[in-house]
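The block underneath contains the structure these notes are about, expressed in structure tokens.
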Amino acid sequence: MAVAELYTQYNRVWIPDPEEVWKSAEIAKDYRVGDKVLRLLLEDGTELDYSVDPESLPPLRNPDILVGENDLTALSYLHEPAVLHNLKIRFAESKLIYTYSGIILVAMNPYKQLPIYGDAIIHAYSGQNMGDMDPHIFAVAEEAYKQMVRNNKNQSIIVSGESGAGKTVSARYAMRYFATVSKSSTNAHVQDKVLASNPITEAVGNAKTTRNDNSSRFGKYTEISFDERNQIIGANMRTYLLEKSRVVFQSENERNYHIFYQLCASAQQSEFKHLKLGSAEEFNYTRMGGSTIIEGVNDRANMIETQKTFTLLGFREDFQMDVFKILAAILHLGNVQIIAVGNERSAVSEDDSHLEVFCELLGLESGRVAQWLCNRKIITNSETVVKPMTRSQAINARDALAKKIYAQLFDFIVERINQALQFSGKQHTFIGVLDIYGFETFDANSFEQFCINYANEKLQQQFNLHVFKLEQEEYMKEDIPWTLIDFYDNQTVIDLIEAKMGILELLDEECLLPHGTDENWLQKLYNNFVNKNALFEKPRMSNTSFIIQHFADKVEYKCEGFLEKNRDTVYDMLVEILRASKFHLCANFFQENPVPSSPFGSAITVKSAKPVIKPNNKHFRSTVGSKFRSSLYLLMETLNATMPHYVRCIKPNDEKLPFEFDSKRIVQQLRACGVLETIRISAQSYPSRWTYIEFYSRFGILMTKQELSFSDKKEVCKVILHRLVQDSNQYQFGKTKIFFRAGQVAYLEKLRLDKLRQGCVVIQKHIRGWLQRKKFLRERRAALIIQQYFRGQQTVRKAVTATALKEAWAAIIIQKYCRAHLVRNLYQLIRVAAITIQAYTRGFLARRRYRKMLEEHKAVILQKYARAWLVRRRFQNIRRFVINIQLTYRVQRLQKKLEDQNRENHGLVEKLTSLAALQAGDVEKIQKLESELDRAAAHRQNYEEKGKRYKASVEEKLAKLQKHNSELEIQKEQIQLKLQEKTEELKEKMDNLTKQLFDDVQKEERQRTLLEKSFELKTQDYEKQIRFLKEEMKALKDEKMQLQRQLEGERVTSDGLKGEVARLSKQAKTISEFEKEIELLQTQKIDVEKHVQSQKREMREKMSEITRQLLESYDIEDVRSRLSPEDLEHLNEDGELWFAYEGLKKATRILESHLQSQKDCYEKEIEALNFKVVHLNQEINHLQKLFREENDINESIRHEVTRLTSENMMIPDFKQQIAELEKQKQDLEIRLNEQSENMKGKPEELSNQLNHNQEEEGTQRKTVEAPNEMHTKEKEKLMDNIQETQEASEHLRRRFETESEVKSSFRQEASRLTVEHRDLEEVLDMKDRVIKKLQDQVKTLTKTIEKTNDVHLSSGPKEYLGMLEYKREDEAKLIQNLILDLKPRGVVVNMIPGLPAHILFMCVRYADSLNDANMLKSLMNSTINGIKQVVKEFMKNNSLRQNKNCLNNFDLSEYRQILSDVAIRIYHQFIIVMENNIQPIIVPGMLEYESLQGISGLKPTGFRKRSSSIDDTDAYTMTSILQQLSYFYSTMCQNGLDPEIVRQAVKQLFFLIGAVTLNSLFLRKDMCSCRKGMQIRCNISYLEEWLKDKNLQNSLARETLEALSQAAWLLQVKKTTDSDAKEIYERCTSLSAVQIIKILNSYTPIDDFEKRVTSSFVRKVQALLNSREDSSHLMLDTKYLFQVTFPFTPSPHALEMIQIPSSFKLGFLNRL
């Protein structure tokens, strides 16, 4: 297609613009060849007639679909405006700072911190192919690392750009990437040291300039060394052209090197006070630029960081202080005041404080320094002359000394860093990172800019050759004819600078002359190159400068200072003074035979890939130019021997504003850094390159049906291209790719868009037509209705008048009656005729129908019954066949069941025999227990007799007490009589004393109420104690009754067991009889089948006979007589039809009854068989139930035996306790008698004393005689006595009002009672402690009895204890076979889950049973160590048998935490293994694979992957992910993993899938489209279906995909209005604000029909999201692990039943 044909209406072009460099315009009129102007429409709406030349038409603009591409070479039109516009869209709108340009990474400085450099981003790029992810410095670093690993070839990353473009940061991130991905677990500090070298070199080599706050003022090549395992082992650094002039001079708004300001900011700290520094404003060398502070930078904090990195690299504090001393000395040297003495001389005062500090710090003599700063020595052949210097010359000498000292210090620090990063091993490969200055041009350019541009010329030449080489390799690989491409070769510029008699050589030659000047050197340049070399020019208006045409631009250099800077001389006397310094570091700087300055030379052995020009060896070794040229040769030699990777850093604006795009500045840098040259080289050939699959997927819409029918997609692509693009020179077919010339992809995109637009127009046409048709019909219908009503109304209005209405009404009435009469007559006539016709017609039809019915009725009846008989016969045959099949199937099932039952019965018989033997042993034990029970009963009877005797004695004592009580009552009555007499005498006295007594009575009343309350409280306490004792007695009675009932139950169960055993033995004998019966049933079944077949034959023969007999048996005449005349009419003349019908009916009835009887017989037989089978099943279940019951009974018998024996052991202790309590009781009785004698005169005291004694006696009796039933009566009597005494006390209380003596005695008695109550409480406490001791003794006795019983039982049949016996020497073999050598496949698949754990626990139980602590500890430690090499509350749900399996002697709680930690470690290792297996599948399956085929046509990427980046592995799909998940799930289930742990593992895997997919989506702009959101949502639904299929919905795995689901929704939702922004804010709760904005900025339309997200909409969403307080991190942490919990699941396996497989090779273990 001709280029002119593309300039059609509506296409857009770029035209130059003085402000924006290029601006867009739309073609308003088609261009024809020969037109002088091009009619354009600008974006502001104005029209422009743009004059054109047919040879140079304005560049065309790419379609919007191609704008914002990751790779500039993917653009169809490759030219400067397209590149600039693409960078602007990505940088200013999408906030993307990285873009590929072929093999170059273009990095724009955002002047803002971005969250795209975290460890998560590094891991996301690690292992990815270049071009799969969004452009990034990490992608370039990964490409270099991958090629180094694959090809074992050294790599280089060349980072270039002008000051402020971000070179240092890019190089730092590249080195950080290498340190992260190649980290060694054994030598991790090496990476830290490599990274720590950056802050030091930045502190001493970076400074603030007008363009950059952290500008590198030197070039640096850092070589990172790797070993054979591709892990960092060390590094080395080479520096180039330090800007020494900055030490003594800074331009306005610039600073000196950072280290000076850091030192001044820390001057007040104690360790720096001896340096005698102040603020930076006090020193000439730091205040010259007028800007000592950088906004946002803390120099003091940076100083601390610098010191830390010094320490990290191994530099001691004394070394650091030596460095700081030299730096401080330089600052003080700059403040030394030089005074002019006349015009020819100058002087320095020896009292100058800064001079003294300078000499003190460096160990110099201040007098000599002051002398030689102002004088210099000239040595000739005959004499030595000391020549004084002027003030300006002395200042220059001082500054030269400062520069020299700083340069030596800088080289020394770099040398020490290299020593710290040295490595002992052998270097296998290396990756070099070159951070070097870019092309520079200023208003005044000097020697530094000349050297920098010279270095860039060399690098540009190497870059051009490399790009040319890659292009050639690509063409050769695809078998495309290679045509020589014209590219810019800057060898002529390089020759101008470095060739013989070039600029550098003439400069060195002039420096050798004693009186050489800049003007003489410049004149030589004019003479040699003006008008002789086209690249060298002389400015028209200047005689002190020259112009060189560099590859990037013309640069004018001023010759002033060239010679001085090239010489870089310091006067000899000053050097000798410094050489004689007492400060060793300063003295070493100026030794005559220094160590070679290139530590790199010995460490590197590289072989150049191309020959380089060797430097001239004759002389000029000492000048700066010659040194720089030599180091540049070495650098180029290194780069040519490595595989280079290019990073071009671009400074977007000079104001350092974030994301501001200055087109002029950027175009200038693009031209200078070689990006446009790469584009130009690509555009000359075939810049757009597509694989056949990509082309087929994208442009399949342009193919015809015939073309799509071809199977070979490659041939289809060729056919369609031949049809669409007539000029075959516009494309070339390679092996795997199609190569297009510039503009062809845009043309194909236009055709594709036209086809899509055409399809959309057709769809819209039909839809709009249908809508318009529908609207038209609705409007037409409405118009007709309106017209109808309107016309009717109009007609009515015209015709209606008064007379006309009257006439019309009259005429209507007349017509009505007339017409009615005529119609009525006509109707009657017609009605009569119709009735007549209907009568005759209906009669005819009825007669005809009657005759027809007579003819058809008989045949229908016969057919009905015949067909019914046939259907019934067919149904019976089918049912009989089905029944036979069912019988055979059921008999087979019965046979199988009987065989299974026979096998189970054999096992049961064996178990019954063993049970019978055990039963015999149990009978003996029961007999022994019965004899022991008899003895216990005899003891009990003796004990009851003693109780009865004790009761009788107590009753006698109570009778005596009652008598004594009656005597006391008599005495009380006598006393009362005396009191009455006294009261009569005292009545008169009482009247006088009533007032006084009234007051006393009130007081006494209050005291009485208090005493009553206290007494009531005490009585309540005593009542509680009595109730408690009663409850204890009742509980003891119940226990006793339970024991008796249990003994009786045991006797009954033992008798029942004997009967059951006998019955079981009988039933076992009947099993063989059942088998015989089944065989008989089978033979009967066969006979029945034969019988059925014979009956079928017989039935057919009998049919004819039965019908014949029935017909003969009927008397025809008799039948006819019984029929009515109506019935006879239905018969024919002979009557044979009716008789045949009756015969058939009778025959069918007989057959039906016969078949029914047979069916009933068969059903009964089947029911009998089923009943027998059910009966057999019941018998087997009953046998199993009896077996289980017998086991349970045996267990209960053992428990009862142990408990009874323990109780029998306690009986002597109880007897002893009873004897002691009886003694206490006798003591109490003695005390009671003594108190009764003392209290004869005091009845109140006596009654109270009796009350408390009885209570005390009662409590003691209750504690002692609790097991006896007889004590209840005694307690009741005691309660009656207590109530009586309470009543007596109440009676006495009434008398207290008048008797003060009785009151005082009552108070004394109450206090005494409280004391006795406390004593009783102490006694009860003592009893409680005694009971606890007895309980402990009972427990120990039960244990010993159980052991003796186990020993006794072992003599019977062998029973396994759930232990495994092993020897100490077999322990290592046990761990080896059971843990280390056990594989998860093979034998383990067939064993029960957790079998090794059960075996180990059985061994632990054995060690515990031996009570051997050392053996147990050794086994546990060996187990834990074995588990480590290969990579809770537990009693609640156990059975009684499992509870017995617990350890008895050792507590393993100390190992529980260790085992828990080991389990967590195994779980994490298991998760890591699964993650490593599934992680490579996630991105291809979830993102790249099209689950919904055909909805996402591939967008043109155009990225030309390097050969090393192409992954040849098979493509993964969503099915691969689901298969991998299913494999993990089945593996976990097969190995018996707990369901809860399975759910947690699945949740962790789903989190990984969501996080990896989302992270990749953030870093892949080409994936952020609406259709890709649909694909992701579809894949999420597949994962949800998988969860549902595996019944894992409650594992919370679905929730981990919520963020990914919201991201997919965000890609699909509309993004235009305010309501859309609000919906995004409300819906996307699982995504952070950073992530939402990233997706919106990365959204990329696949077709022109989709719209980009506008920056205004992004700002709206961002404003809504500002209120959120969520994470500022972009990436999700894929290494995050959810907390794991291990649930307790009781083991379903009994230890004593476990069998050890022979495959375990554990024959040395013995079951106990």
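A Cβ is built for glycine as well, from the same backbone N, Cα and C atoms used for every other residue.
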- Of 123-150, 1159-1186, 1523-1550, which span is tagged coiled coil by TrEMBL? 1159-1186
- TrEMBL lists region 'Actin-binding' for one of the ranges 356-378, 494-516, 632-654, 793-815; which is that range? 632-654
- Message: Can you tell me how many other Cβ atoms are located within 10 Å of the Cβ belonging to G161 (ATP binding site)?
- Response: 26
- What's the most sparsely packed of the binding-site residues G164, G166, counting other C-beta atoms within 10 A? G164
- Task: Select one residue from S163, T168: among these binding-site residues, choose the one with the most other Cβ atoms within 10 Å of its Cβ.
- Result: T168
- Same-chain residues at least 6 apart in sequence with Cβ under 8 Å of the Cβ of A165 (ATP binding site), in sequence order, are A107, N109, N212, G438, C649, I650, K651, Q669
- Check the binding-site residues E162, K167 for other C-beta atoms within 10 angstroms of each C-beta and report the one with the most. K167
- Message: With helix taken as DSSP H, G or I, strand as E or B and everything else coil, how many residues of the region 'Actin-binding' (632-654) land in each class?
- Response: 9 helix, 8 strand, 6 coil
- By DSSP assignment, list the helix, strand and coil residue numbers for the domain 'Myosin N-terminal SH3-like' (8-62), in that order. 0 helix, 27 strand, 28 coil
- Task: Enumerate the residues of the same chain, G161, E162, S163, G164, A165, G166, K167, T168 excluded, that satisfy the criterion Cβ within 8 A of the mean position of the Cβ atoms of the recorded ATP site; list them in sequence order.
- Result: N109, R211, N212, S215, S216, G438, C649, K651
- Task: Mind looking up the mean pLDDT for the domain 'Dilute' (1421-1667) in the predicted model?
- Result: 80
